[in-house]
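As recorded in Swiss-Prot, the features of this protein are as follows:
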- Arg9, Lys10, Gln154: substrate binding site (BINDING)
- Ala65, Met66, Thr67, Ser95, Asn124, Lys185, Thr215, Gly259, Val260, Arg261, Ser280, Gly281: FMN binding site (BINDING)
- Glu155: Mg(2+) binding site (BINDING)
Amino acid sequence: MTQSQQSHRKDEHVFLAEKYFQSVAHAGFDQVRLLHRALPETTMAAVDLKPDLPFNWQWPIYINAMTGGSPQTGKLNAQLGQLAQALGVAIASGSQSVALRDPQLVPTFATLRDHDPNGFILANVGAGHHATAAEAAVAMLKANALEIHLNAAQEVVMPEGDRDFMWQANIKSIIATSQVPIVVKEVGNGFIREDLQSLQQLGVQFVDVGGRGGTNFATIENARRSGHDFAYLQDWGQTTVESLLEARGLGLTMLATGGVRSPLDVVKALRLGAHAVGMSGMVLHHLIQTGYEATLAYFQNFLHQLRQLYALLGVTNWQELQEAPIVLSADLEHYRQARGLPGI
């Protein structure tokens, strides 16, 4: 694939992600009910939102992987880096595979670090890459951590996608040689418990569930196919909420992404065991539709509302939130029981 073809594909992904963006997502958060406390017995000043992570993050949200690899997406990455710095949140790069193949595309990713010189940045490679490529991706961004993305469904539907999914040896090798923490993530189809246990056996500690309900790369890649013949995979995978239930009790440090649309969604994900929550489609949508300044104001208010919701629930930190009363819908409770998953 030529550089122009690679760049065009990256631009297509952004266009289609925005085209298929849904303001009301179907990630399962509507099936989770946090119960109101009439006597919260707390103060907003007492709320500590700092996540229980060894990354020194100040907020329990981060901007998740999106883009890079073309002049247009490079401009978006510059805005995203600037936004992350202004908000004081971590940010993950889009997949750097194209820049590893073509060094001329490196600036479209490195602009994240240029605009967020002191922030926490996660590099990003696919699980098909070896340890040397992972090291190069980290060096490209002077990254603080590395995401390894799992995207089998996307690759199957992508006309030019990979067809080799023998990934576990690569993951194990990257973990063994990496100088930075590793986060293994799905890109929108979620996890089941068996795969999470396999990751544990490889030495993985940090997992982003990347559940169904947000940006759907199977749908995006199907739109790029002439016959659009994979439409039936639109609902493939486990939702973000189902994936969090699958992870309970395993001892992994979970991050949650996929279909997060509100501060309440964030708090629900945290209550289900996520230590931090990522957003990508929401951020991209606001940047494209409203511009940088309005997006910054929106997410500043978003962060403030997290503090308000903690106080409303009568909790002051993540540990206390784990004890907040919660009810699952009948369908979600049936899923939990059918899968033999721990209670909440």
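Yeah, the Cβs are placed from backbone N, Cα and C, and that goes for glycine too.
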Integer Å distance between the CA atoms belonging to Lys10 (substrate binding site) and Ala65 (FMN binding site):
13
Cα of Thr67 (FMN binding site) to Cα of Lys10 (substrate binding site): how many Å, rounded?
7
Those residues of the chain, 6+ apart, with a Cβ under 8 Å from that of Gln154 (substrate binding site):
Gly161, Val187, Gly188, Phe217, Ala218, Ile220, Glu221
I'm trying to understand the geometry here, so how far is the Cα atom of Val260 (FMN binding site) from the Cα atom of Lys10 (substrate binding site), in Å to the nearest whole number?
23
What other residues of this chain sit with their CB within 8 A of the center of the CB atoms of Arg9, Lys10, Gln154, the recorded substrate site?
Glu12, His13, Gly69, Ser95, Met158, Ile220, Glu221
Determine the most Cβ-crowded residue among the binding-site residues Arg9, Lys10, using a 10 Å radius around each Cβ and all protein chains in the structure.
Lys10
Please tell me which one of the binding-site residues listed here (Glu155, Thr215, Ser280) sits closest to Arg9 (substrate binding site), measuring Cα to Cα?
Glu155
Counting all other Cβ atoms within 10 Å across every protein chain shown, which of the binding-site residues Ala65, Val260 scores highest?
Val260
Looking at Cβ-Cβ distances, which residues of the chain lie under 8 angstroms from Asn124 (FMN binding site) while being 6 or more apart from it?
Ala65, Ala92, Ser93, Gly94, Ser95, Gln96, Ala137, Leu146, Glu147, His149
Quick check for the class: what is the C-alpha distance, in angstrom and rounded, between the residue listed as 'Mg(2+) binding site' and Lys10 (substrate binding site)?
14
Same-chain residues six or more away whose CB lies under 8 A from the CB of Ser280 (FMN binding site)?
Ile63, Asn64, Ala65, Met66, Gly214, Thr215, Thr257
Residue among the binding-site residues Thr67, Thr215 whose Cβ has the most other Cβ atoms within 10 Å:
Thr215
